[in-house]
Amino acid sequence: MNSLFTAFRRNLLLNPNPHRNFFLHRLLSSSRRSSPLIPVEPLIQRIQSPAVPDSTCTPPQQNTVSKTDLSTISNLLENTDVVPGSSLESALDETGIEPSVELVHALFDRLSSSPMLLHSVFKWAEMKPGFTLSPSLFDSVVNSLCKAREFEIAWSLVFDRVRSDEGSNLVSADTFIVLIRRYARAGMVQQAIRAFEFARSYEPVCKSATELRLLEVLLDALCKEGHVREASMYLERIGGTMDSNWVPSVRIFNILLNGWFRSRKLKQAEKLWEEMKAMNVKPTVVTYGTLIEGYCRMRRVQIAMEVLEEMKMAEMEINFMVFNPIIDGLGEAGRLSEALGMMERFFVCESGPTIVTYNSLVKNFCKAGDLPGASKILKMMMTRGVDPTTTTYNHFFKYFSKHNKTEEGMNLYFKLIEAGHSPDRLTYHLILKMLCEDGKLSLAMQVNKEMKNRGIDPDLLTTTMLIHLLCRLEMLEEAFEEFDNAVRRGIIPQYITFKMIDNGLRSKGMSDMAKRLSSLMSSLPHSKKLPNTYREAVDAPPDKDRRKSILHRAEAMSDVLKGCRNPRKLVKMRGSHKKAVGEDINLIDDINERNGDAGDFE
């Protein structure tokens, strides 16, 4: 195992393309012998025969962008000494590169998790003669700023354009959709509502059709973030300003139905369903699909099957929106044979199973620990011409991560790279989680480097996990560097992560670095709240003082034992003492488990 990881580590250092390497082929041979065969479909043929581009997609900007220019600016932005602002703009001037809309778009795509750096790039590009801002790039800038919760800067950009002659060309309904969704995601309900109301008053987007679309976006954004009650109340309020005969659209009902089900409020969902029928709003396939998915989400698969029968009686077309939730619900309930039987019924439909159907089955077979069953589903979908996606393989990585099968997980990763697949952020998070939990720090750092080379920056969860592992291994300079890089990318680390590094630095006498860390943290908006379980232990002095504290508790317990005659009290005290000592010993491991785990990504 160690030699296998050593080979991979050397391979990553020497070759950015690990699939062109002897070690990889040896690993692939090992994977075929040591684990159930997980088929991986090569993408070489697809690359040689590109599909006809979809006219609805964003035009391919990469083709018109100089790779040299893109690489030069990307390397500059990844330099840890570069900070957003005028100094970065001066450094960009020194490159001599003339920015284009396509180049800036490509940078936004590549460095999406570094919003403040990208804002400086945008300001630099905008000042260049001949640079013409496009509506899609403007919306990307607004989205990037809102993602970093720099709403004030985003609004200043919007207001500047609204007041100018180019406002109607740049500030569109899509701009306000970005603002509304980002506010909702940040839990800022009233601000999301005010963004919608401002859009209603802005003449270029206040047409009735656009206003209804924005209302639906607002309700959808609030419901998806769990603010269904607020969405319902606002709909009632705005309904009072409409014509007396106004009835919410079926889409609005669908959004609220989905919201109540997502919030697990079954009574409210069923009440809304009755109101919809009372208002003679005709349900659509989406409505029935929402009901079925909602019941399945709440583990009421049998009721979902009854709704399916109701659809049949209404002679409505039954498609993937109906079958997929039922198949997933049966799988989640462990009724995998019934899920396969339902898929057989799905085959007779015109549309047939989709990638979502197969991914659901793969997910639930992996959850059940049936890796051969999941592999069979994978072979089935390939046979039927459905290409597996990164999401498909991520379910296998979840299985390997959960069951500490690091070698099998790494073997699958190599096979995907060799076949031409591009792992996504979740793939790397799961791989890093496996390696961190297995204590393979060197390999984890190399995989982290490989992830960045592929243009994927680690998110908060991945960054937290790496920093906590570095702290546990007392690699404090590396932990500080990861913390600093995260802040530069616009990520605000958790306060408990700061405390772990700070305590470690101070215990090692690294006071200068501890001061730099404190200065960095004080510049960020953050909460100083720590989990109650860990507050005393994290803030407590380490090593010698902790041992003194434990000895003091032991002496106190000894004194109590001498004078206590009640056996029940002794049992209670003993349990309390064991718990306290256990918390002292296992503190850092507990922190890592709570803050480092990715959870169950769907």
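Using N, Cα and C of the backbone, Cβ positions are placed for all residues, glycine too.
As given in Swiss-Prot:
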{"type": "REPEAT", "residues": "134-165", "note": "repeat 'PPR 1'"}
{"type": "REPEAT", "residues": "172-202", "note": "repeat 'PPR 2'"}
{"type": "REPEAT", "residues": "211-241", "note": "repeat 'PPR 3'"}
{"type": "REPEAT", "residues": "249-283", "note": "repeat 'PPR 4'"}
{"type": "REPEAT", "residues": "284-318", "note": "repeat 'PPR 5'"}
{"type": "REPEAT", "residues": "319-353", "note": "repeat 'PPR 6'"}
{"type": "REPEAT", "residues": "354-388", "note": "repeat 'PPR 7'"}
{"type": "REPEAT", "residues": "389-423", "note": "repeat 'PPR 8'"}
{"type": "REPEAT", "residues": "424-458", "note": "repeat 'PPR 9'"}
{"type": "REPEAT", "residues": "459-493", "note": "repeat 'PPR 10'"}
{"type": "REPEAT", "residues": "494-528", "note": "repeat 'PPR 11'"}
{"type": "TRANSIT", "residues": "1-35", "note": "transit peptide"}
Residues of the parent chain within Cβ reach of the repeat 'PPR 1' (134-165), under 8 Å, 6 or more residues beyond its termini: 58, 101, 104-105, 108, 112, 115-116, 118-119, 122, 171-172, 174-175, 178-179, 182-183, 186, 191, 202, 490
For the repeat 'PPR 10' (459-493), residues assigned helix / strand / coil by DSSP: 26 helix, 0 strand, 9 coil
Whole-number mean of pLDDT values that fall within the repeat 'PPR 9' (424-458): 87
Best-contacting stretch, by C-beta pairs under 8 Å, relative to the repeat 'PPR 4' (249-283) and drawn from 211-241, 389-423, 424-458, 494-528: 211-241
DSSP helix/strand/coil residue counts for the repeat 'PPR 8' (389-423): 27 helix, 0 strand, 8 coil
